[in-house]
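Below: the structure, in C-alpha cells.
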Amino acid sequence: MVQGQQLEVLKALDVAKTQWYHFTAIVIAGMGFFTDAYDLFCISLLTKLLGRIYYNVPGSSKPGALPINVAAAVSGVALCGTLAGQLFFGWLGDKMGRKKVYGITLVMMVCMSIASGLSFGKSAKAVMTTLCFFRFWLGFGVGGDYPLSATIMSEYANKKTRGSFIAAVFAMQGMGILAGGIVSLIVASAFEAKFKPPPFKVNAVASLPPESDFIWRIVLMFGAFPAATTYYWRMQMPETARYTALVAKNAKQAAADMSKVLKTEIEAEEEMVEKIGKTQQNQFGLFTKEFARQYGVRLLGTTSTWFLLDIAFYSQNLFQKDLFTSVGWIPPAAEMNAIREVYMVARAQTLIALCGTVPGYWFTVAFIDVIGRWWIQMMGFFFMTVFMFAIAFPYNYWSKKENRIGFIIMYGLTFFFANFGPNATTFVVPAEVFPARLRSTCHGISAATGKAGAIVGAFGFVYASQDPDPAKRDHGYPAGIGKSKSLIVLGVINFIGMLCTLMVPESMGKSLEELAGEVDVEDVEDEHKGSA
C-alpha cells in the first residue's frame, strides 16, 4: 500500500546496506550527544567543591555547602534551558531544515561551555548568578541537539537497523557521563599532587587551596572541546532527503544529495513530490483535530513515558553523590580536603557509569532491532521498579558498611535497566512515529516533557531526600522524607511508566512513511482503479 507510492529516493534509503555514511552520521550526531551529557551531568561532580569555595563558614565544624536553593538552581538551571531549547529548536528544525539549525545549536554549546567556566563576580552570589545564567543558555543549545540528532539519524537510516543507529547516537550520552567523571578525576589528581592539602578536620583553611577555584572551571570548559571538533563535519552533511523532498518539496535536490551519499543514480520524481504534498494527509498542522485523531495517543505515550523516566533518571544521576555519602562509600566531608572530595565523587560516578550506565546503552543498540522498542521499554521500567524497591525498603541494611558492595551493585543495575530500557527507547520512538513535517517538533515536545520530569526530579529530589534528622543533613536544609522514602516514590513512578508504555506503538522494521501514514492509502487505491 504505502510502499507503492513511496518516493524512489526514500525507498533507496530504506533498503540501503549499512555503509560508511551511516557510521559518519552516527559519529557526527553522537559527538553532539556526548557533549550534551558531559555538560549536563558534570555539574553534579562539582557542587560540593562550589559549596566549600563560596559558602565556607569560618570556624565551622563542617566544610561549606551550597544553600539548598543555590544547589537546586546550579543543578537544575541547565535542564530549564534544555526544555526551552527542545521546544524552540524542535519547531525550528521543521521550519528551516535540520542541517541549518544543527549548526546553530553546536556553536551555542561551545560558547556557553567556555562562558560557564569563566563565570565571574567578586561575591558568591555574583559567581553563582553568572554560572546559572550561562548554564541556562548552555542547556538551551543542548536542548536543540535532542530533536535534531534523533530526526537526522532516523531520516538517514535504513529500515532494518534504524533503531540501532538512533540508539547508538543516544549511547554517546553514556560516554559523555563517563568522560565527565574521567576528566574530573584527572584534574583533581593533578591539583592534589601539586598542592597536597590536608583534610578539613586537620586544617580547615589549608584544606581549600585558592587554586581549587580553577578545578570546576577547567572541568566545565572542557565541554567545548568535543563539540567544536565536529562543527566542520556537521556543516558538510547534506540536508536529509525526507526534509528536502517531503517538507521543502525539492525533489531534484533530494535526489542529487542522496545520489552522492548512496553512490548511485536516483531519479528526481517532481510530479510525485507535488502530488504527495497536496494530499489531505500532508496538510493538517499540529494543533488540529486531525492531528489529535491520528497521532494524539502516540504523542501522549511518548511524552508521558519520557516525563516519568526522567524524574527517576535525573534524580538518580544528579544526586548519586549524596546517596554514596549516606551509605559511607564516600568518607564524611570533614575527613577530606576539597580536591580529594571532587576525586572521590568522580570516582564513584565513573564506576557506576562504567559498570551500569554505559553497558546498558550498548545492550539497547545490540537488541533494539531484534526485540523491538516496546518490549525493551516495558522491561526497563519493570526492572527499574524492582531494583528501586529492593534498595528502598531495606535501606538501613544497605547503609551499613559491610553491605556497601551490594548497594552499589543494586544501584548500578537500576542504571543498567534505565539505559537498556526507557532512557534509550523514549529517545528513539518519537523520531520514527510522526510525519516528516512535524517530526522534529513532536520529538522536541516529547523531549521537553521529559526535561520537565528531570526538573521535577532535580528540584524535588534535593528537598525530598533530605533526612528528617537535622544531624544527618547539611546546614540550612529543611527536613524531607529521607532517601529511603524518596526511592520508594521513584519506584512507583517507574511502575506508572510501565502503564503509559501501553500507549507507545512498536516501530521496528517499518519505513518512516509507513509508520506516519504520510501517503494517503485511499489515493493509492483510486490511482490503481483509474489505471485499470
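Each residue's number is its place along the chain shown, starting with 1.
Glycine residues also receive a Cβ, built from the backbone N, Cα and C atoms like all the rest.
These figures come from a predicted structure and were not determined experimentally.
Taken from TrEMBL, the feature domain 'Major facilitator superfamily (MFS) profile' covers 25-509.
Sequence annotations record features per position, and here TrEMBL assigns transmembrane segment to 20-46 (among others).
If you look up TrEMBL, you'll see 66-89 (among others) marked as transmembrane segment. The list of residues near the transmembrane segment (66-89) in space but at least 6 beyond its ends in sequence, with Cβ under 8 angstroms from a Cβ of it, reads 39-40, 43-44, 47, 50-51, 54-55, 101, 104-105, 128, 131-132, 135-148, 314, 318, 444-445, 447-448, 451-452, 454-455, 458-459, 462-463, 466, 474, 476-478.
If you look up TrEMBL, you'll see 101-120 (among others) marked as transmembrane segment.
Here the transmembrane segment (126-144) has long-range neighbours at 35-36, 39-40, 43, 50, 54, 70, 73-74, 77-90, 92-93, 101-102, 104-109, 112-113, 115-116, 118-120, 223, 444, 447-448, 451, meaning same-chain residues at least 6 beyond its ends whose C-beta is under 8 angstroms from one of its own. The transmembrane segment annotation in TrEMBL covers 126-144 (among others).
Per TrEMBL, transmembrane segment is recorded for 165-191 (among others).
What TrEMBL records for 214-233 (among others) is transmembrane segment.
The transmembrane segment feature in TrEMBL is assigned to 350-368 (among others).
Residues annotated as transmembrane segment in TrEMBL: 374-393 (among others).
Long-range Cβ contacts of the transmembrane segment (405-424) within its own chain (Cβ-Cβ under 8 Å, at least 6 residues beyond either end) map to 167, 170-171, 174, 305-306, 309, 312-313, 316, 320, 323, 327, 329, 351-353, 355-361, 363-364, 367-368, 376-377, 379-381, 383-384, 387-388, 390-391, 398-399, 497, 501. Residues annotated as transmembrane segment in TrEMBL: 405-424 (among others).
Listed as Cβ neighbours of the transmembrane segment (444-465) (distance under 8 Å, sequence separation of 6 or more from its ends, same chain) are residues 68, 71-72, 75-76, 79-80, 82-84, 86-91, 93, 143, 146-147, 299, 302-304, 306-315, 318-319, 322, 426-427, 430, 478, 480-483, 485-486, 489. Under the heading transmembrane segment, TrEMBL lists 444-465 (among others).
Within its own chain, the transmembrane segment (486-504) is flanked in space by residues 297-298, 300-302, 304-305, 308-309, 311-312, 315-316, 373-374, 377-378, 381-382, 384-385, 388-389, 391-393, 395, 422, 429, 461, 464-465, 480, which lie at least six positions past its ends and keep a Cβ under 8 Å from the stretch. Among the features that TrEMBL reports, transmembrane segment is placed at 486-504 (among others).
Long-range neighbours of the transmembrane segment (350-368) within the same chain, counting only residues 6 or more positions beyond its ends whose Cβ lies under 8 Å from a Cβ of the stretch, are 163-164, 167-168, 170-171, 173-175, 177-178, 181-182, 185, 320, 376, 408, 411-421, 423-425, 428, 508.
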